[in-house]
Amino acid sequence: MYHHVKKLMYTVNIGEPDVRFGNMLLEQFGGANGELAAAMQYTIQGWNCVDDLGRRDLLLDIGTEELSHLEVVGALIRMHLKPLKTNREAAEADPLVTIAGGGGVGLFDSMGNAWTANYLKITGEIDVDLRSNIAAEARAKIVYERLIDHTDDPGSIDTLQFLMTREITHMKAFQAALDSIEKSPFSVGLLKPTPGIVDEYFNGSTGDGSEGETDMHGPWTSSFGLHAVESQMNGGKGLSVGDIDGKINGEDRGKQDDAQKATTSVADEAIGKQLAGVGSNGHGSGRSSRTRE
């Protein structure tokens with residue numbers, strides 16, 4: 001059950017309206033990293049989390065807070081877009097917001113792209129979803145930081161600072177929920193990865209040029225059992241068609257290239273010619289024959 005309280009979670013005040021900045025703020029209303037996307041993502045994840053009531057409560061708590069953030073962002077946008085309702089010059093400078101949204105908020109981002117459920121990352125695996133949520137909060141934090149850099153209005157900065165700070169709060173909560181699962185960070189799902197290849201870092205960017213030094217190495221090439229190898233998936237021999245007896249072990253990867261190749265029998269060739277309109281006597285009928293049942 002939802003219950004609306006006729007108060008904003010955070011008081012919003014601005015000085016002089018800035019239509020340009022109001023349009024930029026739409027990014028956090030109907031954009032990919034905005035408050036609506038976060039609210040929907042966490043809430044639906046929570047509804048799906050039926051076997052973990054603790055983390056379900058976490059997701060619904062933060063999902064509900066994100067709806068409150070959406071209300072705060074919407075109020076801030078409306079204040080900045082207010083001139084669009086009465087000032088023709090301002091309206092002509094931003095016709096999309098004026099015509100499509102009537103000078104108010106709408107479910108589109110700062111570029112006019114409509115909000116879409118494709119923004120949501122929902123897998124039904126709580127650890128995977130929590131990782132997505134941590135990344136989502138980090139992206140939202142960066143967007144708020146950039147918005148702050150594009151305004152000199154103290155009231156707007158104050159509101160955005162609050163919203164930006166809450167992103168870090170949520171990151172902490174999601175990280176704690178993930179850590180408390182006590183699961184290896186690379187243990188995803190139920191199926192185990194193929195031994196051998198799972199520890200190979202493919203060196204897929206080589207050669208001398210103006211794009212930087214060749215074959216740079218760092219922790220990403222040697223940590224967690226990783227080691228760098230030349231990029232050769234399946235030995236680089238391409239694909240083949242044929243029967244593969246059972247699953248291929250890690251050390252046997254690439255051996256499907258040695259599998260028996262599929263062949264086309266004489267009977268198959270005859271059928272193919274017949275369907276192409278060529279009979280066994282070599283004269284084509286111009287039409288494909290079809291067997292009646």
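Each Cβ is built from the backbone N, Cα and C atoms, and glycine gets one as well.
What TrEMBL records for E35, H69, E137, H170 is Mn(2+) 1 binding site. There are 23 other CB atoms within 10 A of the CB of H170 (Mn(2+) 1 binding site), with all protein chains counted. A helical conformation is recorded for H170 (Mn(2+) 1 binding site) in the three-state DSSP classification.
TrEMBL lists D57, D61 with the feature Ca(2+) binding site. Its Cβ taken as reference, D57 (Ca(2+) binding site) is surrounded by 12 other Cβ atoms within 10 Å in the chains shown. Reduced to three states, the DSSP call for D57 (Ca(2+) binding site) is helix.
Positions annotated as Mn(2+) 2 binding site by TrEMBL: E66. Summarising the environment of E66 (Mn(2+) 2 binding site), the number of other Cβ atoms within 10 Å of its Cβ, over all protein chains shown, is 25.
Marked as compositional bias 'Basic and acidic residues' by TrEMBL: 244-260.
Under the heading region 'Disordered', TrEMBL lists 235-293.
Within the set of binding-site residues E35, H69, E137, H170, the entry lying nearest in space to D61 (Ca(2+) binding site) is H170 (CA atoms).
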